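Copied over from TrEMBL, here are the features:
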- 1-27: signal peptide (SIGNAL)
- Cys108-Cys143: disulfide bond (DISULFID)
- 215-310: region 'Disordered' (REGION)
- 224-241: compositional bias 'Basic and acidic residues' (COMPBIAS)
- 250-281: compositional bias 'Acidic residues' (COMPBIAS)
- 288-297: compositional bias 'Acidic residues' (COMPBIAS)
- 466-487: transmembrane segment (TRANSMEM)
- 493-538: region 'Disordered' (REGION)
- 497-511: compositional bias 'Polar residues' (COMPBIAS)
Amino acid sequence: MEKRKGFKLQLVGLLFLLCAQIQISSSDSIFHEQFDETFEGRWVVSEKDDYKGIWKHAKSEGHEDYGLLVSEKARKYAIVKELDDPINLESKTVALQYEVRMQNGLECGGAYLKYLRPQQDGWSSKEFDNESPYTIMFGPDKCGSTNKVHFILKHKNPKSGEYVEHHLKYPPSVPSDKLTHVYTAILTPDNRVRILIDGEEKKAANFFSAEDFDPAIIPPKTIPDPDDKKPEDWDEREKIPDPNAVKPDDWDEDAPMEIEDDDAEKPEGWLDDEPEEIDDPDATKPEDWDDEEDGEWEAPKVDNPKCEIAPGCGEWKRPMKRNPAYKGKWHPPLIDNPDYKGIWKPQDIPNPNYFELEIPDFEPIAAIGIEIWTMQDGVLFDNILIADDEKTAEMYQESMWKPKFKAEKEKQKAEEAATAGHSGGVSGMQKRIFDLLYLIADIPFLEAYRPKILELIEKAETQSNLTVGILISVVVVIFSVFFKIIFGGRKPAEGRPTSSAGATEASNSNQERNEKKEEENEEETTAPPQGRSTRREN
């Protein structure tokens with residue numbers, strides 16, 4: 001009876017998957033790569049010298065499902081797939097979606113895709129690199145202070161002709177586990193984009209909102225005049241020293257801050273002739289000690305036991321106290337500056353690069369590329385999808401991603417339960433705390449403090465005994481922000497480097513990975529040899 005019931009359940013499951021496959025095959029999928037077959041001959045690996053990483057066609061751990069695997073640590077990787085026809089993004093809904101699994105975790109690496117412009121813009125598949133022109137860059141990136149799911153639109157200014165990278169503000173964080181996750185970007189005709197992780201919306205933005213993209217796609221109407229100069233007689237000092245003030249006659253600038261306390265008396269029983277430390281009476285000269293090579297041997301010092309029962313040992317000196325006559329250096333008081341004109345700013349002039357648009361001027365997508373530098377191996381890409389309809393992306397999630405994710409989640413729960421059995425349940429609690437902390441780090445008004453919060457979280461993940469202390473530290477940071485807001489504290493200045501070819505923030509992450517790699521090499525090669533001590537150690 002049980003076998004028959006199990007067979008019926010398997011049959012129902014197979015029928016469900018078959019129906020899902022039929023739905024998918026008839027859906028509005030423009031491009032779908034599920035890597036059931038080898039990528040060789042269909043995807044082109046870059047031949048540029050910098051990209052030494054080896055791509056492999058491999059199974060996802062614990063599944064029969066294949067994907068595109070990053071197989072080596074600390075390597076640059078680049079691979080590209082040309083589409084049969086360029087895809088126009090204007091005036092329609094487009095879903096960009098793919099799965100990625102960090103099988104060995106992610107400490108420092110990228111796992112994003114680049115949706116590339118047509119090759120007539122000056123690139124080729126075999127020469128694909130970080131300079132190849134893209135329209136959209138989308139996906140997770142984590143290293144050092146960087147922990148975000150990028151969404152970067154490279155948009156052409158119709159006035160200047162310059163392509164500018166526009167970064168999504170306050171993007172979501174990268175999941176910190178080793179499970180398969182599906183990343184989705186939904187572009188809609190109302191000039192909006194929605195970022196989803198595992199089918200759950202994490203961020204919604206308007207392409208034309210300066211609150212959502214940095215820099216804003218529509219530039220400001222006016223800009224500071226670059227040729228305007230501050231007048232030489234412009235006085236920005238709000239307060240000035242009072243020119244009529246005179247130092248009081250009794251102001252002694254030479255009086256010390258502290259003086260000896262004349263009222264102090266030496267405590268009874270003070271041992272003037274006893275040193276605070278004595279030679280260790282139990283110490284013996286090592287048998288292998290060579291006076292000619294090591295010098296004269298001296299016994300190590302220990303605390304004098306007589307001083308432990310006495311008020312003190314050695315020469316007694318009067319304690320110091322604050323000098324009531326101390327005033328420090330005299331300065332004239334400040335008064336309002338009669339010549340104060342305020343902080344000078346250049347006058348605004350019309351922005352020669354200003355333009356207006358009703359819809360973003362999206363460049364067509366002609367290829368999909370993966371160009372990353374990662375310190376971790378085991379990164380597996382799968383089910384790369386471009387669709388005309390959001391429901392198509394949802395069907396792929398339900399039929400292809402969700403079964404894998406559920407299986408991995410159940411396995412993770414079993415492992416955590418086994419671990420909790422040995423550690424009293426601490427591991428599961430810490431995981432929930434980390435998930436909460438990552439959600440806190442995504443709060444927009446904490447953006448200026450986000451790198452510090454993420455640094456604390458990552459430290460706690462590697463040193464689990466510090467979890468409670470780290471949680472307290474994050475709470476302190478949050479309360480500090482609240483106090484600054486309530487009591488008028490200054491908001492930390494935010495700055496961002498100007499865009500250049502390639503994704504700016506991704507390049508910064510690559511630099512951090514390079515520095516980390518160099519530090520590891522230095523630790524291996526520059527460790528000083530152990531020498532024999534020639535001096536007594538205290």
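Each Cβ is built from the backbone N, Cα and C atoms, and glycine gets one as well.
Bear in mind that TrEMBL entries carry predicted annotations, made automatically and left uncurated.
DSSP states for the compositional bias 'Acidic residues' (288-297), grouped as helix (H, G, I), strand (E, B) and coil, give 4 helix, 0 strand, 6 coil. Summarising the environment of Cys143 (disulfide bond), the number of other Cβ atoms within 10 Å of its Cβ, over all protein chains shown, is 23. Mapped onto DSSP classes, the compositional bias 'Acidic residues' (250-281) shows 0 helix, 7 strand, 25 coil.
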